[in-house]
Amino acid sequence: AWYVPCLASLETLQELCRKENLRCKSIGITKRSLKTYEVEYLCDYKVEEGKEYYLVKWKGWPESSNTWEPEKHLNCPLLLQNFLSDKNEYLSRVSEGKTLKVRNRIKALKPAIADYVVKKAKQRIALQRWKEELNRKKNHKAMILVENTVDLEGPPLDFYYINEYKPAPGINVLNGITTGCECADCPAEKCCPKEAGFILAYNKHKKLTIQPGLPIYECNSYCRCGPDCPNRIVQKGTPYSLCIFRTNNGRGWGVKTLQKIKNNSFVMEYVGEVITSEEAERRGQHYDNQGNTYLFDLDYDSDEFTVDAARYGNVSHFVNHSCDPNLQVFNVFIDNLDLRLPRIALFSTRTIKAGEELTFDYQMKGSIDLTSDSADGLSPSKKRIRTVCKCGAVCCRGYLN
């Protein structure tokens, strides 16, 4: 299904709910906020007759209901701290390279400062709601955090979190499995990988043991083995808490791990819409004009299908490219043995420290993006716009495609 963003502002929706006595937790209208006043954030500051006042935005009430309140009426130390922090952050950015004379007792904030403080408060609330939404929708135990200390960018407006492939009409991503292994204790001689003609991909520590390019065959829903089977790794989802964060060098959002990740460990799966390669070629022209790329060719056996994570995806949507990545792509087969439709898993190529950004090589996936050499033989309408790489690696190739 396609989603259409609501055109009404948050304040308009809050006012409508209040008039109709309706509750809506997602926009801050609860049973409590219908009858009481709770500070949502602080908008402005002034001093009158020696008393300090703050302009208060009340939770669940439109901005037209904002009131000036003396500091002694406010029981919200964290919001006061956020207000002062945002004010100082604005002043420090404005004063970069300048000598700034800071006054401890200002009479009122300049409009530009107040405007910035409000935008930061709204961003903080929006990112918190987005974090809660992501964690409601995910199907794994590990947490997803969201962080932006760089700019005023809020959650993406046209992105919808999914946990598994979303097939386009006519594409079946679940077929071919009717039986599973009979192992009481995997792996046995006739376990799933052996039946497919390959070796077990993991050791007893759940670490990858096969080389890039070889497929992974995990036990499926028809297998006799239980959830603790050592051949069930990718299907359990990411075991690490991750943070979607705003990069400070123009690469948009990125993903960093909040936990140490050992070498050859499963980190996350790449999911999105499964579309035909013809449709991917059409969308690719549009994405190139935007300077984005979310197309991932499923070219393990053929180039018939592509995964597009532009609008629908999981945390992997936000993982940036690097010419020296710490993640490697592997093709995985679980409840579908169709070689044209493998699942895409990202495994660590080395030990990754907590707080380190996660990256993979976009060309590693065999994407439909073309190099300059291969594009030279195409007609002008088919030539792709080259996207400059900002990964910063010593071995950087200069372009994403």
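Cβ atoms are placed via backbone N, Cα and C, with glycine included.
Curation does not apply to TrEMBL; its annotations are automatic.
Residues or ranges marked as domain 'Chromo' by TrEMBL: 37-95. The annotation domain 'Pre-SET' is assigned in TrEMBL to 179-237. TrEMBL lists Cys181, Cys192, Cys219, Cys223 with the feature Zn(2+) 2 binding site. Annotation comment: TrEMBL describes Cys181, Cys183, Cys186, Cys191 as Zn(2+) 1 binding site. The Zn(2+) 3 binding site annotation in TrEMBL covers Cys186, Cys219, Cys225, Cys229. According to TrEMBL, the domain 'SET' annotation covers 240-363. Marked as S-adenosyl-L-methionine binding site by TrEMBL: Arg251, Gly252, Trp253, Asn320, His321, Tyr362, Lys390. If you look up TrEMBL, you'll see Cys323, Cys389, Cys391, Cys396 marked as Zn(2+) 4 binding site. Summarising the annotation, TrEMBL assigns domain 'Post-SET' to 385-401.
Mapped onto this structure are the features recorded in TrEMBL.
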residue	record	Cβ contacts under 8 Å, 6 or more apart
Cys181	Zn(2+) 2 binding site	Ala188, Lys190, Cys191, Cys192, Glu195, Cys219, Cys223, Arg224, Cys225
Cys183	Zn(2+) 1 binding site	Lys190, Cys191, Cys219, Cys223, Arg224, Cys225
Cys229	Zn(2+) 3 binding site	Cys186, Cys219, Cys223
Arg251	S-adenosyl-L-methionine binding site	Asn320, Lys390, Cys391
Cys396	Zn(2+) 4 binding site	Cys323, Asp324, Cys389
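Each residue in the domain 'SET' (240-363) gets a DSSP state, and the totals come to 20 helix, 49 strand, 55 coil. Mapped onto DSSP helix, strand and coil, the domain 'Chromo' (37-95) counts 24 helix, 22 strand, 13 coil. Same-chain residues with CB within 8 A of the center of the Cys186, Cys219, Cys225, Cys229 CB atoms, the Zn(2+) 3 site residues themselves not counted, are Cys181, Cys183, Pro187, Cys191, Cys192, Cys223, Arg224, Gly226, Pro230, Asn231, Arg232. For the domain 'Post-SET' (385-401), residue counts in helix, strand and coil come to 0 helix, 2 strand, 15 coil, using DSSP.
Note on the domain 'Post-SET' (385-401): mean pLDDT across this stretch is 82. Counting every protein chain shown, 19 other Cβ atoms lie within 10 Å of the Cβ of Cys389 (Zn(2+) 4 binding site). Counting Cβ atoms from all protein chains shown, Tyr362 (S-adenosyl-L-methionine binding site) has 24 others lying within 10 Å of its own Cβ.
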